[in-house]
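Database features, via Swiss-Prot:
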- GLY93, 96-97, THR101, 103-106, 121-129, SER133: 5-phospho-alpha-D-ribose 1-diphosphate binding site (BINDING)
- GLY93, ASN124: anthranilate 1 binding site (BINDING)
- SER105, GLU239: Mg(2+) 1 binding site (BINDING)
- ARG179: anthranilate 2 binding site (BINDING)
- ASP238, GLU239: Mg(2+) 2 binding site (BINDING)
Amino acid sequence: MAVTLGKNNMNIRQAIARVVTGADLSESEMMASMEEVMSGQASPAQIASFITALRMKGEAVEEIVGAVRVMRDKATFIDCGLGPDDILMDIVGTGGDGADTFNVSTTTSFVVAAAGVAVAKHGNRAVSSRCGSADVLEALGVDLSLDPATVARSVQEIGIGFLFAPLLHAAMKHAIVPRREMGIRTIFNILGPLTNPAGANVQLIGVFERSLTTVLAEVLLRLGERRSLVVWGEGNMDEMTVTGTSYIADAHDGRVTSYAVEPEDVGLARAAVADISGGRTPEESAQQVRAVLAGEKGARLDMVLLNAGAALLAAGRVETIVEGVVMARDVVESGAALKKLGQLVAFR
């Protein structure tokens with residue numbers, strides 16, 4: 001249970017003192033502390049102490065919600081003209097899982113976009129693998145430097161756009177040095193997927209710890225998203241996996257439902273971890289993405305079909321993940337997913 005001081009003007013020194021005792025901050029207290037971090041008022045030592053204390057205690061739902069609100073407020077908004085009934089999706093992982101899989105969420109984004117769901121793919125360079133979404137997209141020929149208006153137009157005109165995090169979260173610069181020097185997973189790994197600058201209202205989010213599935217699902221309910229699936233794959237993967245059990249927390253209709261999925265449950269073969277490994281370079285990773293989108297059979301394609309099936313469920317295009325896998329397979333076999341990649345590469 002969150003501990004509330006009754007005032008919203010807590011400073012970061014007071015917040016650190018609270019958190020090291022094991023007490024949770026309220027949403028407003030967290031917002032006040034994060035405002036100091038994101039505005040450059042907190043020192044590197046204070047930032048490091050604060051996020052380490054949160055990590056050791058375990059970030060509470062109200063703390064994450066408060067941090068998300070501040071980070072969203074500081075971000076550069078990508079206005080895709082989202083109406084009240086429109087769906088805008090993001091497929092993203094926290095990173096930090098150390099699994100070194102290929103670029104599953106990036107590849108999945110093209111399949112989902114080709115199925116007719118608008119995708120605002122939020123991403124960065126490598127965190128837990130040799131090659132992050134930005135690295136592989138750059139190797140594929142996607143221009144990472146497009147201005148916000150052009151990115152918004154990309155989503156509107158071709159149904160997919162890439163939101164390069166460093167260009168849209170300028171206030172994060174104040175936390176870069178402490179994060180880099182600490183070298184551990186912190187609340188900032190969690191915040192990235194929750195702070196899509198285009199305001200995506202449906203998400204498939206992979207997390208680096210199973211316990212975070214229900215926590216982030218509760219956060220997404222508090223933030224008012226339409227529907228989101230938060231997933232963790234057995235073997236410590238921040239995505240659904242065909243190498244073991246996938247655990248899902250489904251935030252929908254005001255509640256969180258948790259369940260598990262085996263690859264065989266959705267008509268996919270179980271695979272070895274080695275079969276879904278990532279490339280050693282961005283160029284090698286780009287070849288893997290192209291091969292999957294072109295329909296090359298194997299565990300990598302099955303990984304994408306599984307995650308795309310879940311994403312299509314979240315977006316309301318299908319009633320079950322099984323149906324989503326079938327739809328995703330049809331999209332890939334039609335050539336539409338590979339064509340969608342070509343459209344994004346060519347977009348200016």
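From the backbone N, Cα and C atoms, a Cβ is placed for every residue, glycine too.
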ASP238 (Mg(2+) 2 binding site) to GLY93 (5-phospho-alpha-D-ribose 1-diphosphate binding site) - Cα separation in whole Å: 6
ARG179 (anthranilate 2 binding site), number of other Cβ atoms within 10 Å: 18
Secondary-structure category, per DSSP, in which GLU239 (Mg(2+) 1 binding site) falls: coil
DSSP-derived structure type at SER105 (5-phospho-alpha-D-ribose 1-diphosphate binding site), helix or strand or else coil: helix
Alpha-carbon spacing, GLU239 (Mg(2+) 1 binding site) to ASN124 (anthranilate 1 binding site), which is rounded to whole Å: 16
Pairwise Cα distance for HIS122 (5-phospho-alpha-D-ribose 1-diphosphate binding site)/ARG179 (anthranilate 2 binding site) [Å, integer]: 20
Protein Cβ atoms within 10 Å of ASP238 (Mg(2+) 2 binding site), excluding its own: 29
Count of other CB atoms lying within 10 Å of the CB belonging to GLU239 (Mg(2+) 1 binding site): 27
Which of HIS122, ARG125, the listed binding-site residues, has fewest other Cβ atoms within 10 Å: ARG125
Spatial separation of ASN124 (anthranilate 1 binding site) from THR101 (5-phospho-alpha-D-ribose 1-diphosphate binding site) - C-alpha basis, Å: 16
Separation of alpha carbons, ASN124 (anthranilate 1 binding site) and SER105 (5-phospho-alpha-D-ribose 1-diphosphate binding site) (Å): 12
